[in-house]
Amino acid sequence: MPFCQVVVGPPGSGKSTYCFGMYQLLSAIGRSSIIVNLDPANDFIKYPCAIDIRKVLDVEMIQKDYDLGPNGALIYAMEAIEYHVEWLLKELKKHRDSYVIFDCPGQVELFTNHNSLQKIIKTLEKELDYRPVSVQLVDAYCCTNPSAYVSALLVCLKGMLQLDMPHVNILSKADLLCTYGTLPMKLDFFTEVQDLSYLAPLLDRDKRLQRYSDLNKAICELVEDFNLVSFEVVAVENKASMLRVLRKIDQAGGYAYGSTEIGGDAVWVNAVRQGGDPLQGISPQERWIDKKEEYDKYEWELEQKSTMDEDENEG
């Protein structure tokens, strides 16, 4: 029963960086994993790529041959993957014992409106018994701008409904939050997505948005009515935050409650089942803004102690 992450999000949200960071983390805890690049327009891949869609699809050639723009070419490419999904199935069968991370294109409509990505993943579920979790990244910078945050909420909600699978939303680049100045609300407000009516006065301060006051209010009410969207907070370079989000993903997809034979990381799975997060109960505001340096040091000391304990046990 293979498990996978389907990593989506708008351009600049840090998808490829996250994929590489997650791959490194999984390797560190002993879980066999691979990254699959599904973005034919991704020209700067820094991670080891087990399956690369660019080997069979050239987005520049698609633009030239079919007189399409960049967005149209990506839609065409995704439809081509869907139509020729047997190629992807064949490649994935070579890695049946690996946990898979899919790095998807950043074109928003591919995971909010278009059906090809969803159909591809559904085919993997049916043919290879995959257990996917959609991981949607949003740049934490949106928390500095209420209108950008409302837009991110709507994209996340639409993505969750469109992809129709277990879903984890992430505010990425959390380590930069302390450099943005004072946020309009505490970070906890943005992660919990509760009482969005408090955003209305902030949105109305911008004269350009006052004419859209009713629309913004309706969007906030819509998000609250569904009560589906919330965010985890991640800094890829911070191992502890990546471990926390992996714990959430494993719980969402069922990895933490199933067999450990595929991943080979029984120690990690048992830890997830038992809990044990040393910073459990610490608010995102406190961790990433109010006392960031203090908790950075604390987590570093914990990691050093853990490394020393492992060395002693091996000795």
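Each residue's number is its place along the chain shown, starting with 1.
Each Cβ is built from the backbone N, Cα and C atoms, and glycine gets one as well.
These come from Swiss-Prot:
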type    : residues                                                                 : note
BINDING : Gly12, Ser13, Gly14, Lys15, Ser16, Thr17, Ser172, Lys173, Ala174, Asp175 : GTP binding site
SITE    : Asn71                                                                    : site 'Stabilizes the phosphate intermediate'
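Feature map: Swiss-Prot annotations on the structure.
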residue : record                                       : DSSP class
Gly12   : GTP binding site                             : coil
Asn71   : site 'Stabilizes the phosphate intermediate' : helix
Ser172  : GTP binding site                             : strand
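Distance between Cα atoms for Ser16 (GTP binding site) and Asn71 (site 'Stabilizes the phosphate intermediate'): 19 Å, as a whole number.
In sequence order, Gly9, Ser13, Gly14, Tyr18, Leu137, Val138, Asp139, Ala140, Val234, Ala235, Val236 constitute the residues six or more apart from Ser172 (GTP binding site) in its chain with CB-CB distances below 8 Å. By neighbour count, meaning other C-beta atoms within 10 Å, the densest spot among the binding-site residues Gly12, Gly14 is Gly14.
Cα of Asn71 (site 'Stabilizes the phosphate intermediate') to Cα of Ala174 (GTP binding site): a distance of 29 Å. All chains included, 19 other C-beta atoms sit within 10 angstroms of the C-beta of Ser16 (GTP binding site). Counting every protein chain shown, the number of other Cβ atoms lying within 10 Å of the Cβ of Asn71 (site 'Stabilizes the phosphate intermediate') is 14. As a whole number, the greatest separation of Cα atoms within the GTP-binding residue list Gly12, Ser13, Gly14, Lys15, Ser16, Thr17, Ser172, Lys173, Ala174, Asp175 is 17 Å.
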